[in-house]
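According to Swiss-Prot, the protein has these features:
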| type | residues | note |
| --- | --- | --- |
| TRANSIT | 1-32 | transit peptide |
| BINDING | 207, 236, 247, 334, 474, 479 | substrate binding site |
| ACT_SITE | 247 | active site, nucleophile |
């Protein structure tokens, strides 16, 4: 069953893989060779893969059907289909106005207890959110049409449906459902397992994204060290990004064998440490869905017990993978020029560290200062000080320190040490802020535990800056 309670974890996590437990190959993040999609900004092309290691038994397609009138070129209908029934798990937005596809996909997974899922269909250009009973029927029609193409009974009943539905785009408008339904057979006929097909499918779920977000990895598990498994995922999101998730769609596929209850637990764990640890603008959307499908085609013993070495290994793999996907979303934040990691150290608890990091990440004053390359650490400290919901004694001003950590590995630039301001080298600060990547470190010194609390808990958040372009993009969004 899909939990109805918020799944945002209160602490961060950096996976540590035991030697021999998992061998994860590097993510396929490489520079484009040829051809180069001219629509992708040159600065973003390094994040688009030129090849991939995709899971067995999955085929995908991206098709243009014209959901949004202004889109006359790019694919806007994605289909991801497995040759075999899958275990499936999903996590959804906690926004009270949950879009029709969110409601329908929840019902499908619940009715099937996460078993027997065959496909995902997703459209961009229209969110199908706040569209009443008609919107619910449209989402069900999309699911049923894919089931029909697969050759399954398509009754429209939740228990019979095997296709999850996702939508993203403008809220409050009905889908051009005739275009979508008529385009589904074409998309199904074009299903392919090639890298080009995966990339085109990732492009089909984009809205204001400037590049398709696609990753793939290969790995092994302790019980089958000679057997290679694969995981691939695509995500979209550039604005309205803040936990509990936001305008985020994510589709992850693996050929590893994982039982549905274990898969749901694995996904919830990984999302709390990845997609729920990012922020672009602090807004939470109506449509967020992250789904993972496991078809087991690569063989091996199914993962079921949380106590097993395979479960532990898969947890590390999935968490690392979703973190990489989530960070691509931040790198494509609307109008963003900076990718910022904020790390809160030596907190009495994970939850307090995460709350403080989250508060810094969504501060407009911090984000605009970073855009202006201004080492205004007072704004960071201010955000730390007004963080709501933390335990008493977490923040002791005279034990708090702030610094910038450069990407080149050089020593941290200390801005505040134990509550005392440092004489900041403005020239070095300016040089650090010229870089695209930056880490802000806030050390709480153990809070009211003092020296005894040092070496305590960390919290991590990833976010971007605010630029003039962010306002322009969102001011013109519906046009």
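The backbone N, Cα and C atoms fix where each Cβ goes, glycine too.
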Please work out the number of neighbouring Cβ atoms within 10 Å of the Cβ of residue 236 (substrate binding site), leaving out its own Cβ.
27
Students should find that the Cβ of residue 207 (substrate binding site) has, within 10 Å, a number of other Cβ atoms equal to 23
In three-state DSSP terms, residue 236 (substrate binding site) is classed as strand
